[in-house]
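A quick write-up on the structure given underneath.
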């Protein structure tokens, strides 16, 4: 078989690290190009670009997953990495084409989905969660280091060098997949020809969402996830631009903010999360995480000084425990043959939020006239006070309206989560679930009759 050695988690880890390291280098240059290209409605256009990309990813991810079940993982790893990184060299060639290709690249921006499927092929069920955790930690580690490196190189040698370096790393990732990554899907599980049938129900992006209302407990969990992740997705798409344009952070300050937040989040999701789960229980951990998220968003919304952003960022790291705790709750309350279906609902809702959240945040910034129609601020770390004062003259009460909207949304999520029972047994509904997950079986899977195969994108507890 093509590749170096047998398939392993480390192959997947290197693919993820190189891709997101390349994009992390472009954090500071992207914010500058975004403001220069759309000086009038920066936040609105940013929200639309990220929103289109997120919605396209939501619609295409299950189809790409189903196709990779038939044709193998390696070819789709190559396809997703190539198209996800294709916009990088366009940043200096044509900014308009750069943002246009970013939007369209959402169709293939599902590397995580294929990587998780790759990992699922080569790991046993009991070690899968740890392997997924390693992949997610690698993603976080790449973003801890790369924005700071990109900001330093951009300051010292110019943004053109940063774009060239990011392009080179993306090409290295593509070459690594071509040369070193072996196929993980066994030949016997793949059809002999490319005309084999595809599980189209599995490829339906709305299939998992249609089952949400069929169990009251799962409905409560899914509503909680939607109301809490919608503002998180919007915040992720626009917050660093907000720091740069409104709060007056320099490129180095934004990179340092990302690094500190990433390190604190890794600690929160490993050490703190395990301590809380053992001491106060699963449900209370979710409620605590939602409480931290409300505090963080309210602080971002009313904060008018850089130190407030740093303090709220520390709270944001603690709020990152919510989703792992929700996944753990679902994992503990559902039977083994129900895990894929229930986790898939949560994955589908998060994918939908990745499209709706950025567009919603961009629209709220737009209707509240939170824009900066002047030249970008000085690069000195102390130059931000001028920009902050300029903005506060426009809107002295609420600097960040979308963050307050997000706080209200998470407050509703907290109220819904109060009704989720701590200990639930879904065995009484297992026959109901089997009816719905039985159709997800793959025609080439060596499985016992009646045993449902977990759908590709619904296989993770991360």
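Cβ coordinates come from backbone N, Cα and C, glycine included.
Remember, predicted model here, so these are calculated numbers, not experimental data.
Of the listed segments 308-330, 377-399, TrEMBL assigns transmembrane segment to 308-330.
Between the transmembrane segment (47-68) and the transmembrane segment (97-119) there are at least 3 Cβ pairs closer than 8 Å, counting only pairs 6 or more residues apart in sequence, which means the two stretches are in contact. Non-local neighbours of the transmembrane segment (254-277) in the same chain are 24, 27-28, 31, 137, 140-141, 143-145, 147-152, 240, 243-244, 284-285, 288, 309-310, 313-314, 316-318, 320-321, 324-325, 328; each lies 6+ residues outside the stretch with a CB under 8 Å from one of its CB atoms. Nonlocal intrachain contacts for the transmembrane segment (75-91), taken as residues 6+ away from its ends with a CB within less than 8 angstroms of a stretch CB, comprise 15, 19, 22-23, 26, 29-30, 33, 64, 67-68, 97-99, 101-102, 105, 107-111, 114-115, 118, 159, 163, 166-167, 170, 173-174, 177-178, 181. If you look at the transmembrane segment (217-234), the same-chain residues 6 or more away from its ends with a CB under 8 A from one of its CBs are 47, 54, 286, 290, 293, 297, 322-323, 326, 329-330, 333, 342, 345-346, 349-350, 352-354, 356-358, 360-361, 402-403, 405-407, 409-410, 412-413, 416-417, 419-421, 424, 426. Sequence-distant residue pairs (6 or more apart) of the transmembrane segment (403-420) and the transmembrane segment (284-302) include at least 3 whose Cβ atoms are under 8 Å, placing the two stretches in contact.
Distant neighbours of the transmembrane segment (12-35): 42, 45-46, 77, 81, 84-85, 88, 91, 95, 98-99, 111-112, 115, 118-119, 134-135, 138-139, 141-143, 145-147, 149-151, 153-154, 159, 162-163, 165-167, 169-170, 172-173, 176-177, 180-181, 240-241, 244-245, 251, 254-255, 258, 372, 376; these residues of the same chain sit at least 6 beyond its ends, with a Cβ under 8 Å from one of its Cβ atoms.
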